[in-house]
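Structure record follows, encoded as structure tokens.
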Amino acid sequence: MSLVDLGKRLLEAARKGQDDEVRTLMANGAPFTTDWLGTSPLHLAAQYGHYSTAEVLLRAGVSRDARTKVDRTPLHMAAADGHAHIVELLVRNGADVNAKDMLKMTALHWATERHHRDVVELLIKYGADVHAFSKFDKSAFDIALEKNNAEILVILQEAMQNQVNVNPERANPVTDPVSMAAPFIFTSGEVVNLASLISSTNTKTTSGDPHASTVQFSNSTTSVLATLAALAEASVPLSNSHRATANTEEIIEGNSVDSSIQQVMGSGGQRVITIVTDGVPLGNIQTSIPTGGIGQPFIVTVQDGQQVLTVPAGKVAEETVIKEEEEEKLPLTKKPRIGEKTNSVEESKEGNERELLQQQLQEANRRAQEYRHQLLKKEQEAEQYRLKLEAIARQQPNGVDFTMVEEVAEVDAVVVTEGELEERETKVTGSAGTTEPHTRVSMATVSS
């Protein structure tokens, strides 16, 4: 059996989890080949959850961080399919827990995407980076928000509190450290007293909670914190937001707030709101609130992608917070008027080209006239030469004395007198008639 066949059989045995077959094939010299997608035997064993097969392959020396055509490692495969025991085996054998595939997604991203809570906990336990961002600028926390998985959200938030993002990957990260407290969970339609909420937060932050630490986050939706500040009527302004007061509601634009807050997600059961301030602890908000300033309960709801805080009728009006836009619209700048200049330049270019073409046409016509005159002149000369030849031919009589001179190579001219010529003609006439002179002999008739 060839090596290629042995490699194919090894891939199939790893896919099916046939440990004995894998050992036999490796003993017979089967190479660690891959299929057309770059999938190795360890990839297949990790994908299909064959623990013993993966262990045999690792002991045999298969690369624990082998890459497919899309840069996925065996750890990616195991995490995506929820095989926690395979994940732990790979990590213990030195697999890169923060390896990224072609989409820049780590094993933690894939485990969060597929709702594998046990794999998420295991990866965080072995030091997975919870601040890593994918190609789409999403962390594992962002994916959990999209998937509405509250359990994984809490796990990731605790891990984010315990980790410090030394090298943020987003385009505009916040460089100032921010304080973060535990998440507040609001049930659908629940009425919460804001004063008690802030006091409980202040108690947690000042009591030295070991889960609270300094972390860094990027700019995100900030409308809820802006609403809290508006309700508190803080003396210290927290933003440069433009507020338009109406009789029954006040709208605060989210893009004018300088704080950070993660998105509010819910699946009909709970709403998870994570509030983060830019270096301003929540205790400072409480100190800036007048005594008895917040005694009104409020309701947190989500309507059509907007976060709405509804306050009962009283001193504080109902407020609707518009979701912060990611990009601020830049003012329109006046474009320079270059249309007229461009048109004039194009017209001048067209005029120059037209003049050049006319000049070339005139030059061509002039040359054609010259050639025509030259041709007529040549025809006239040829006609005159033909007439001369005809006249010469008519003027030559038969038997008249003539002079014929021909060039003979390497022979001097022969002079023949008229008497000698007559004698020769007489001799020849009697026998054969008239004889023409030699064509290559120069003859001249000289009168005696």
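Glycine is no exception: its Cβ is also placed from the backbone N, Cα and C atoms.
These come from Swiss-Prot:
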COMPBIAS  428-448  compositional bias 'Polar residues'
REGION    325-354  region 'Disordered'
REGION    420-448  region 'Disordered'
REPEAT    5-34  repeat 'ANK 1'
REPEAT    37-66  repeat 'ANK 2'
Long-range Cβ neighbours of the repeat 'ANK 1' (5-34) (under 8 Å; 6 or more residues past either end): 40-42, 44-45, 48, 50, 52-53, 56-57, 60-63, 66, 68
For the repeat 'ANK 1' (5-34), the number of residues DSSP places in helix, strand and coil: 21 helix, 0 strand, 9 coil
Secondary structure composition of the repeat 'ANK 2' (37-66) [DSSP: H/G/I, E/B, coil]: 17 helix, 0 strand, 13 coil
Reported mean pLDDT - the repeat 'ANK 1' (5-34): 92
